[in-house]
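Written below as structure tokens is the structure these notes are about.
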Amino acid sequence: MTTLKPLLAKNRSWAQQRLQRDPDYFGKHLDQQQPHSLWIGCSDSRVPAEVLTGSHPGELFVHRNIANMIDPDDDNFMSVLQYALHYLKVKRIVVCGHYGCGGVQAALTLPQMSLAQESSSLARRISHLREALSEHIAGRDASQPDAQTLNQLVEANVIAQFNRLVQTRTVRNIWRSGQELNVYGCVYDLASGHLEMLTEQTGEEAV
């Protein structure tokens, strides 16, 4: 039988360790949060933003979904973006993909999957991702994709989602207002644990 006990036990141990190192660890964030960055990443359990960046509570405002997608028609995503920029006034946005992304692989192999025949939310999500990567997928062998092909598609997806983000009205208006904001596209390597930057754009470049 699966219970919550293991997670609760780990939580108590984690909290105790933090308090031993810093008695005010939790107290300093009680009244407000002042994150410096909005992190838009993949839902994959191997890429937790706070862990791989060595961040503490209050430092990152995080939105995660399958394949770190940017969808201007998604109220869930757009509400996070608007809150981060208008109320938290973060100065940095990071769009982060990762090698070995199952969402990107599914986008490549979708025609061979039973998922292609479904009308589920997941099927629509992967279909939209495939459309975003259509020019990069065209001509590639989807039957047995190698690691290099998948890695290239992961990087292409980061760039595609980055471009979508910087073209949103919300981001453009922030830049036009003169508010400081830098946007970065990054990829995380599961094998090395390293984060690498692929692209960036600042307000000065956009205005």
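Each residue, glycine too, has its Cβ placed from N, Cα and C.
As recorded in TrEMBL, the features of this protein are as follows:
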| type | residues | note |
| --- | --- | --- |
| BINDING | C42, D44, H98, C101 | Zn(2+) binding site |
Query raised in the report: Inside 8 A of the center formed by the CB atoms of C42, D44, H98, C101, which other residues of the chain have their CB, for the recorded Zn(2+) site?
Result: G41, S43, R46, V47, A67, N68, G97, Y99, G100, G102, G103, V104, V154, Y188
**Report entry** Residues near C101 (Zn(2+) binding site) in space but at least six apart in sequence (CB under 8 A)
**Finding:** C42, D44, A67, L150, V154, N157
Query raised in the report: Under 8 Å Cβ-Cβ from H98 (Zn(2+) binding site), six or more apart in the same chain: what's there?
Result: G41, C42, D44, R46, V47, V154, V187, Y188, D189, L190
Requested in this report: Quick one: among the binding-site residues C42, D44, which has the most Cβ atoms sitting within 10 Å of its own Cβ?
Outcome: C42
